[in-house]
Amino acid sequence: MKKSSVAGKWIFYVALILTGLVFFAVLELNKNIPAGWGIMLLLFVVFAVLYRRKLSGRGKLIRTISWLCLFASGAAIVLLTQGPYRLVPAVPEVDEPKQTGIVHVAQGDIRGVLTGDETVEMYTGIPYAKPPVGDLRWKETQDPEPWEGVKVCDHFAPMSMQPSNSRIYDSLSQIVGYHDYEMTLRDDYRTMMSEDSLYINIWKPAGDIRKAPVLVYVHGGSLKTGQPWYDDYSGRTFAKDGVVVVNMAYRLGVFGYYADEALAEESSTGTTGNYGLLDQIKALEWVRDNIEAFGGNPEDVTLAGESAGSASVSALCASPMAKGLFTKVIAESSSVSTKEPPHSFRLMVQALADGADTRAALGIGEAASGGQAPERSSEASRQELKKMRELPAEKIVNMAELNHHITVDGQALAKTPFEYYRDGQFNETALLNGYNREEAAPFVLFDRITAKNIHEKLETILGDYTDRVLELYPVNTDSEASEAYEKIFSAFYFGYSHYMWTRQTAEKIPVYEYFFTKENGRLGAWHSGEEVYLYGNIPTGKKAGAGLYTRKDLEVSEEFHSYALNFIRTGDPNGASSGSILPDLEGQELPRWKKSGTKGQEPGADVHEIGEKTGEMQDENLELYRILDEMYGD
């Protein structure tokens with residue numbers, strides 16, 4: 001009995017400790033407030049005392065119920081002590097950042113804040129449009145209302161409505177995927193989300209400046225997720241270099257790209273399905289009208305974007321509505337300028353069918369049939385639209401999968417971007433664009449590709465051309481199949497669009513195409529992996545993730561950032577290093593980046609590698625692109 005009692009005691013404490021470790025791990029991954037840790041610790045201490053004194057000798061049922069109560073109480077603590085919802089501060093490293101002077105914009109007066117080193121002024125959360133809520137949900141972007149007094153712009157506005165992961169999922173992604181997870185012992189918070197999200201953010205050099213070049217950045221996220229405050233593309237470093245940097249939130253998912261005949265009928269222009277793109281145009285108009293107040297030159301605006309942001313940029317380059325709102329373009333890892341863009345794009349018939357399926361999924365009306373939206377009377381359409389507008393945002397936000405595509409709507413785009421480019425109608429005056437070697441890695445990470453199934457997988461996108469493509473990427477083993485699939489996926493969904501964009505423009509404007517190949521301790525040359533290099537935001541010192549980068553990473557960032565900075569200033573990436581990342585390299589001449597199509601080259605055939613080595617190379621996937629040309633009839 002004595003040995004049995006001792007063994008039971010040890011089993012109890014081991015089980016209690018393991019259970020406690022699980023709950024405390026959940027608290028950490030979920031970023032609960034410190035009070036949650038204290039309450040959880042108290043719960044386990046009280047349970048241990050009560051169990052040993054009152055319950056250990058009771059029947060099995062009572063003991064089982066007591067453990068279930070412990071689990072339920074622990075779960076309740078996790079749920080009830082989550083971080084509060086707050087706005088993201090413009091300068092999180094300083095508790096009370098110094099305020100700037102007053103800036104006068106068309107709608108009123110604003111103040112921003114200075115970064116900790118007082119080299120950059122930040123103005124975050126400036127309205128560039130009326131909140132698209134209530135009757136303005138799914139309407140063209142409206143000009144903002146004026147305000148009285150001085151608006152203090154020291155926090156980012158809520159991010160646009162979007163499907164969201166749990167905090168635990170995000171933490172595990174940082175641990176397993178990005179390797180930059182940071183344990184914190186301070187109060188944490190959850191970032192706010194709202195339909196009222198149409199706000200602009202500005203970084204500028206501190207002090208009085210005039211006629212500075214302007215960079216406007218459009219964030220990515222498949223047109224269904226994303227936010228303006230992500231550190232990788234912060235405008236701080238470019239602002240230190242004398243550039244006025246702007247980014248904005250825009251409507252995403254079902255809020256930005258839902259299409260409905262009833263919406264087209266109530267619109268004076270007949271548009272529907274492109275509200276996110278119209279937001280971006282309105283933001284560019286705001287920049288044109290107000291950026292001079294921040295020292296920027298409205299006639300020297302470079303438009304940039306990554307992933308879906310780059311797809312948006314390519315659509316803006318084609319849109320007559322955006323003509324004159326920017327000059328130069330930096331486009332990273334996507335475009336909708338090909339004949340049949342494989343993502344982020346659709347024609348109106350598909351948009352209306354997606355809209356019907358969205359309504360049906362929400363219990364309103366019939367689904368599409370045969371790729372066509374059902375016919376409805378005008379009155380039925382209006383009533384269904386009324387019901388859609390009455391639904392709370394939280395109920396429709398998860399309809400993003402059906403609604404994250406730029407649409408040929410007849411207003412922003414009267415024809416496909418490919419047709420605009422084919423006809424020589426585009427807005428950019430110089431183009432720096434490109435993609436990464438391992439673009440597809442995050443998208444195929446969990447695909448089980450083998451030597452036996454790769455042909456079947458590729459047939460879904462390549463059809464009868466699959467055999468010819470696989471001749472370019474020989475496969476004998478499962479590892480070779482996985483590698484080949486990733487390369488083909490990267491080239492098909494990303495590389496080919498930049499090859500085409502370069503071909504469409506190189507004879508008329510200066511075009512510079514890159515191929516990013518640098519790997520690091522955080523990621524390979526994955527989709528979006530180039531941003532932290534181009535924008536000059538590699539973490540250093542005690543910042544989370546700093547240990548994942550080496551001196552070589554900083555050297556590559558110095559090169560890429562300097563190329564981009566030179567391009568923003570002059571339309572040509574060539575010149576000297578800025579020293580923004582590594583001051584000891586300031587003034588060194590960068591490796592020469594040739595314009596695409598010069599000296600008899602085929603436009604798009606040669607690209608400028610940026611990675612462990614920097615210089616000209618032939619695109620690794622050129623032969624595949626030529627097969628895709630045949631497939632699309634180009």
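Heads up, the Cβ atoms here are built off N, Cα and C, so glycines get one too.
Where the annotation comes from TrEMBL, it is an automatic prediction and has not been curated.
The compositional bias 'Basic and acidic residues' annotation in TrEMBL covers 376-385, 605-616. Per TrEMBL, the feature domain 'Carboxylesterase type B' maps to 101-596. Annotation source TrEMBL lists region 'Disordered' at 366-385, 593-616. Residues or ranges marked as transmembrane segment by TrEMBL: 7-27, 33-52, 64-85.
Averaged over the domain 'Carboxylesterase type B' (101-596), the predicted model reaches a pLDDT of 95. Per DSSP, the secondary structure of the region 'Disordered' (366-385) breaks down as 8 helix, 2 strand, 10 coil.
Below 8 angstroms of C-beta separation, residues 36-37, 40, 44, 47-48, 51-52, 56, 70-71, 74, 77-78, 81, 168 of the same chain, each at least six residues beyond the ends of the transmembrane segment (7-27), sit close to that stretch.
Residue counts for the compositional bias 'Basic and acidic residues' (605-616) by DSSP state, with H, G and I taken as helix and E and B as strand, are 0 helix, 8 strand, 4 coil.
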